[in-house]
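Colleague: Here it is: the structure, laid out below.
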C-alpha cells in the first residue's frame, strides 16, 4: 500500500520563488522511531481519512523523511529582546512541503528537530522530547480556546540523548512536524531589508498576498499593477490579525515567552512554542521565560510588544508600502485589540452582545476580583462553567456561594447578577452553552505539564499525556 502522506499533491510555492529565500538541506538520520503523537483531527483538512493513514506511514514520511525533496531551511533575521540579530534562519527544522487543503488554502508541513542546517551555528539541530510534548499541548489547548494557531501533526521519539542547559541531561530526543498556514515570519522580510533587496521584498509580499490574503486582490482598483492597492490593505489586515491574536492569548491566560520578530508569523498565526506558560493567577508581571530578566515579554506587555513588532516591520516593508499609510493602519491596533479582548472575555463569562459600557464594567470588575483574590485564573472560569445555573438570575446568594473571600467577589457578584436580570430563560440556556464552549475543562499551568512529563521520563508512561489531550478536547 502506498503512503498517503507521500502521495499528497505537494505544491512547491516557496521553492518556486527561487533560492534567495532558503537553502536546500538534508534531514538527520535517527537511531529509533517511536510515534508518540499523531493528530488525526488534521488529516481531513488535507483530504485524508485517518483510517487509511497508518502509524508506519507517519514514521516513513515524518521520521525517516523518505521521498519528498527538496527540504528547505528558510532564511530570516529578527529582533530578539530588542536587538537585531542577522545570524538567524531555520536552525533545527525545514519546510518539509506545502499542500493545498480541501478548503483550497495553502498549508505548510514544517519540521522541528530534524537536524543541522547552515543556521544551526553551534547547536545540534535536535528537539528534546519534552520540548515536543510541550508544543503539542500548547497548540491543542490554544486551538481549544479558539486561538488561530499552528498545530502538531506528528511527534516521533528518535532515540538519542541530548544535552541541554535547562533540562536534566542527557534528555530524550524527538522530531516534530508542524501543520501551519505559513512559516514566513516578520524576520523573513527584515532580512531582505537588511540586504537592501526591495525587489525580493516585493516578490515575497506578492506571494504572501496571493497565498494568504487573496481576498484583498478582489478589492483592488488599479489595473496597472494588480497588487498596488493590496499592499496597504495587507498591512492593515495584518495589524488586525495580530491584534486579534494577542487578544486571544490574553483571554486564554497565555504568555508566549519569546515574542521576537522571528517568532511572529506573517499570516497572524500563533506558532513556535518555546518557554511559554499559562498564568496560574492573574498577574500582569508574570514572565514565562527564565532568561527574560527584564520582563520584556511579561504577560501584560504582550499587546504592546506585538504592536511594537508591527512598527518594526514597517521599516522592512517601506520599500513597497507607504510609511504614512502603515502608520495610520497601526493606529487602529488598540481598537482592534480592545474589541476582540472584550468580546472574548465576555464569552468566557457567558455573555454575548452586552452594551459596551456594561461589558467594560464587568471586565474591570472581573480583573480586579482575579487580581485581589489571586484565585486560579483557569480555576475561576472552570468553576463558572461547572456551577453556573439559570437559577442565579433569581437568587444572588447562589452565585459563587462558597467563594473563600466573599468580600473580594461581592462587587463582581452584584454586577453579574444585575446583568442576568436582562436575560430570558432561553438566553440563560445559551449562556450555559457558551460557558461550556469557551472554558475548557483542563488548564495547562506548569504543574500540569510537569506531572505529565514526570510520568513519561520516570516510567515511560504516556497515558497521562493522552488523557490530558482528551480532557482538552472534551
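Just so you know, glycine gets a Cβ as well, placed from its N, Cα and C.
According to Swiss-Prot, the protein carries these features:
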{"type": "BINDING", "residues": "89, 91, 92, 112, 124, 125, 178, 185, 272", "note": "ATP binding site"}
{"type": "ACT_SITE", "residues": "262", "note": "active site, proton acceptor"}
{"type": "BINDING", "residues": "263, 272", "note": "Mg(2+) binding site"}
Colleague: List, in sequence order, the same-chain residues at least six positions removed whose CB sits under 8 Å from that of residue 89 (ATP binding site)?
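Modeller: Listed in sequence order: 23, 73, 74, 75, 76, 117, 118, 119.
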Colleague: Give me the long-range Cβ neighbours of residue 262 (active site, proton acceptor): same chain, 6+ apart, Cβ under 8 Å, in sequence order.
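Modeller: When sequence neighbours closer than 6 are ignored, residue 262 (active site, proton acceptor) has 76, 77, 78, 79, 80, 85, 88, 185, 186, 187 within Cβ distance under 8 Å.
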Colleague: Restricting to the same chain and to sequence separations of six or more, state which residues have a Cβ under 8 Å from that of residue 178 (ATP binding site).
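Modeller: The answer is 108, 109, 110, 111, 112, 135, 150, 151, 152, 153, 271.
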Colleague: Determine the minimum-neighbour residue: among 124, 272, listed as binding-site residues, which Cβ has the fewest other Cβ atoms within 10 angstroms?
Modeller: 124
Colleague: Have a look around residue 263 (Mg(2+) binding site) and count the other CB atoms within 10 A of its CB, chains all included.
Modeller: 21
Colleague: In sequence order, which same-chain residues at least six apart have a C-beta under 8 angstroms from residue 92 (ATP binding site)?
Modeller: 112, 113, 114, 115, 116, 117, 120, 123, 124, 125, 126, 127
Colleague: Given residue 272 (ATP binding site) and residue 263 (Mg(2+) binding site), what distance in Å do their CA atoms have, once rounded to a whole number?
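Modeller: One finds 6 Å between the Cα atoms of these residues.
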Colleague: Looking only at 89, 91, 92, 112, 124, 125, 178, 185, 272, which the record lists for ATP, tell me the maximum pairwise CA distance in angstrom.
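Modeller: Between the most distant Cα atoms of the ATP site, 23 Å.
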Colleague: In DSSP terms, helix, strand or coil for the residue listed as 'active site, proton acceptor'?
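Modeller: Helix, per DSSP.
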